[in-house]
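Features of the protein shown, as given by TrEMBL:
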- 39-424: domain 'Amino acid transporter transmembrane' (DOMAIN)
- 75-97: transmembrane segment (TRANSMEM)
- 134-156: transmembrane segment (TRANSMEM)
- 168-186: transmembrane segment (TRANSMEM)
- 193-216: transmembrane segment (TRANSMEM)
- 228-250: transmembrane segment (TRANSMEM)
- 262-286: transmembrane segment (TRANSMEM)
- 308-332: transmembrane segment (TRANSMEM)
- 352-369: transmembrane segment (TRANSMEM)
- 375-396: transmembrane segment (TRANSMEM)
- 417-437: transmembrane segment (TRANSMEM)
Amino acid sequence: MASEKVETVVANYVEMEREEEGDSKSSSAKSKLSKLFWHGGSVYDAWFSCASNQVAQVLLTLPYSFSQLGMLSGILFQLFYGLMGSWTAYLISVLYVEYRTRKEREKVDFRNHVIQWFEVLDGLLGKHWRNIGLFFNCTFLLFGSVIQLIACASNIYYINDNLDKRTWTYIFGACCATTVFIPSFHNYRIWSFLGLIMTTYTAWYLTIASLLHGQVEGVKHSGPATMVLYFTGATNILYTFGGHAVTVEIMHAMWKPQKFKLIYLMATIYVLTLTLPSASAVYWAFGDMLLNRSNALALLPRTRFRDAAVILMLIHQFITFGFACTPLYFVWEKFIGVHKTKSLLKRALTRLPVVIPIWFLAILFPFFGPINSTVGSLLVSFTVYIIPALAHMITFASASSRENAVERPPKLVGGWAGLYSMNIFVVAWVFIVGFGFGGWASMVNFVHQINTFGIFTKCYQCPKHKV
């Protein structure tokens, strides 16, 4: 019975794929370039989207986390949270396929509707779960967009300090607002590809430049020095591998969403080849100096290679801003009733109000680095770790739901018993270590930044003569 069910579902997805391919053929006759650069939905598009979105500005703050954690803990936490993030991304993909399958049996047509995480929770578990998911997901993506905007100002300052970081935030806020014209994740094909090239260059620039620079005179590696710094660093890494808040939207943009299961894991493995060498090399070279420089670029001498890294990261942060903000655009469109309109201009204009609070918060709390840990502990911990694990356990709590599940647990994890054991571990660990200790440490550090620099600070961590 279960196998027949899976076959039916696969048939539905194949039929969907043919419809999309048919649309693509008709459109490719009009514009082959548009199809090549603008309209994506393959497994490769999803992989590029996941890998590009997962490591953005956080690449520049991981050496800062290593200075808080120490080398060994920094490496171990990256591996640990990389695997944990891949696991919960898998859970989200399973719940998406389960929800979509049930709705398609009810003859629901999603061709003009983008499914989102809160709708998956609503369909499987009811309105209370929908409200919880909507709150955490939207708040996380809101601050995720804020972080990208802060990062833009922080990076551009290192090649042009004629303007302070707050002024640069005004400028890049206006630039990032242009993402309202990108309709959906289908249209990030070329951007995802280019974004990953940009982060790859930056990661290897950090690695090679640090090794060539060598260790600074009298370098110290005293981390971990305090509990506050230790758990602050750990939650920044939790945040790093918690970029799958847009998993459902990326899956929905695929022609065959059921193929997503291992994509995030493959993306994480690639990302680790960027983050581990770069963070280790920068920390080896500069040690405790990073405790007062959350952006790794600030410690490397200015060269044309560093300027190239800054420019590429600026472009990538624009892309990642779009990734984080697009789901918020969808929620807003649905709220005011324009989500299904075919007018791109009308949708773009109605999206603009979403950018305003992001702009304001980036100016209010421009704490590049510490804000990552705060968002990681208070929002990421629930959004992409605790809620998906709990939702999966409750969805398949009954024997009948497990028997009729579209996606069964892989034998590698020990069937349903192994899956539940892993989910319980994820919930307990993230709640105690990520939200509990991490929340305490990151808030202490965040309040320290406010007391030291103040809100609306003009130029965070700038040399005194420039402030």
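Including glycine, each Cβ sits where the backbone N, Cα and C put it.
Packing against the transmembrane segment (308-332) from elsewhere in the chain are residues 49, 52-53, 56-57, 59-60, 114, 116, 118, 134, 137-138, 141-142, 144-145, 148-149, 151-152, 155-156, 158-159, 172, 175-176, 179-180, 182, 184-185, 188, 191-192, 194-195, 198-199, 201-202, 205-206, 245-246, 249, 297, 339, 347, 350-351, 353-355, 358: each is 6 or more residues past its ends and has a CB under 8 Å from a CB in it. Between the transmembrane segment (75-97) and the transmembrane segment (228-250) there are 3 or more Cβ pairs closer than 8 Å, counting only residues 6 or more apart in sequence, so the two stretches are in contact.
In this chain, the transmembrane segment (228-250) lies apart from the transmembrane segment (193-216): fewer than three C-beta pairs between them fall below 8 angstroms, excluding pairs fewer than 6 positions apart. Between the transmembrane segment (193-216) and the transmembrane segment (262-286) there are 3 or more Cβ pairs closer than 8 Å, counting only residues 6 or more apart in sequence, so the two stretches are in contact. Panel annotation: around the transmembrane segment (375-396), residues 84-85, 88-89, 91-92, 94-95, 98, 121, 124-125, 129, 132-133, 136-137, 139-140, 143-144, 147, 235-240, 242-245, 247, 402, 405, 416, 419-420, 423-424, 426-427, 430-431, 434-435, 438-439, 441-443 of the same chain, lying at least six beyond its termini, place a Cβ under 8 Å from a Cβ of the stretch. The transmembrane segment (134-156) and the transmembrane segment (352-369) are in contact, since at least 3 Cβ pairs between them lie under 8 Å (pairs 6 or more apart in sequence). Against the transmembrane segment (352-369), stretch 168-186 has more CB pairs under 8 A than any other of 168-186, 262-286, 417-437. Within the chain carrying the transmembrane segment (262-286), a Cβ under 8 angstroms from the stretch's Cβ atoms is held by residues 43, 46-47, 50-51, 54-55, 59, 62-63, 65-67, 71, 74-75, 78-79, 82-83, 85-86, 89-90, 93, 199-200, 202-204, 206-208, 210-211, 213-216, 219, 221, 240-241, 244, 247, 293, 296, 299, all 6 or more beyond its ends.
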